[in-house]
Amino acid sequence: MNVIVVKNAEEISKVAYEKMVKAFEGKAEFTLGLATGGSPLGIYELFRIHKPEVSNVITVNLDEYVGLAEDDQTSYHTYMAEQLFNHLNFKENHLPNGNTKNLEEACKNYEELLQKHPVDLQLLGIGENGHIAFNEPGTPFDTPTHIVELTESTRNANKIYFENEEDVPTHAVTMGIGSIMRAKEIILVASGIKKAEAVKEMLNGKLDINCPATALQNHNNVTIVVDEEAYSLCNK
Ligand SMILES: N[C@@H]1[C@@H](O)[C@H](O)[C@@H](COP(=O)(O)O)O[C@@H]1O
């Protein structure tokens with residue numbers, strides 16, 4: 001894995017943004033995999049400031065909570081609309097459907113979409129427990145898009161986005177590790193000391209389903225962009 005260590009979150013966003021734009025500019029069509037959470041916010045801000053040409057870009061997001069209406073303030077649909085889709089004219093935008101009675105079918109449909117539009121570049125964050133998208137520890141590395149029950153640790157980390165703790169959904173629909181690994185290129189961003197343990201495991205640990213991000217060791221085109229704090233436990 002190619003590792004770029006920079007000073008802080010702002011620098012991470014700059015490096016990731018520039019790599020992403022370079023990848024899709026001038027391409028007839030490009031499928032860009034996007035992520036939510038705190039980590040990509042600075043990247044999306046740069047998109048809003050610089051407004052690159054994205055009419056050739058189809059976006060596919062990693063995941064969505066189960067049981068929230070698309071226009072719910074805390075859904076990932078709303079997050080993406082507010083951060084990006086209301087500001088730039090992408091060719092198409094897709095997120096998994098977590099608000100349906102037939103979640104199995106929603107997973108199947110999303111996997112079909114990914115087969116139709118293979119991801120050229122996938123942006124990822126990493127959870128404190130090493131999860132990628134919502135693939136929690138214990139998820140086999142070949143899983144397609146599926147329904148997950150969120151761990152206490154993930155619900156805890158994400159509760160800041162909800163008014164009440166009990167509002168944090170218990171389940172989500174997520175691209176699987178198998179789906180993510182099919183992306184031709186992956187950029188993972190992580191900043192801050194809270195991510196240091198997960199980053200260390202991902203880079204220095206053995207392949208282990210208990211740290212989903214270690215799966216990335218098997219991918220041939222991954223760039224990890226981290227700040228000094230997130231990298232601080234590596235090689236120690
Ligand atoms: N489903 C998202 C992940 O895609 C994200 O990478 C992770 C880290 O979030 P943050 O960037 O806020 O630390 O949180 C959530 O669980």
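Think of each number as a place in line: the chain as shown, counted from 1.
Backbone N, Cα and C atoms are what each Cβ position is placed from, and that goes for glycine too.
Small disclaimer: the values here were computed from a predicted structure and weren't measured.
For ASP63 (among others), the entry in TrEMBL reads active site, proton acceptor. Reduced to three states, the DSSP call for ASP63 (active site, proton acceptor) is strand. Around ASP63 (active site, proton acceptor), the same-chain residues six or more apart in sequence whose CB sits under 8 Å from its CB are THR36, TYR76, LEU95, PRO96, ALA133, PHE134, ALA172, VAL173, THR174, MET175, listed in sequence order.
Long-range Cβ proximity for ASN129 (active site, for ring-opening step), meaning a same-chain Cβ under 8 A and a gap of 6 or more residues, is found for GLU136, PRO137, THR151, SER153, THR154, ALA198, CYS211. Residues or ranges marked as active site, for ring-opening step in TrEMBL: ASN129 (among others).
Here TrEMBL flags HIS131 (among others) as active site, proton acceptor. Note on HIS131 (active site, proton acceptor): other Cβ atoms within 10 Å of its Cβ, all shown chains, come to 25.
Per TrEMBL, active site, for ring-opening step is recorded for GLU136 (among others). All protein chains considered, the CB of GLU136 (active site, for ring-opening step) has 22 other CB atoms within 10 Å.
The domain 'Glucosamine/galactosamine-6-phosphate isomerase' annotation in TrEMBL covers 10-222.
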Neighbourhood of ligand 1 - active-site residues from ASP63, ASN129, GLU136 with Cβ under 6 Å: ASP63
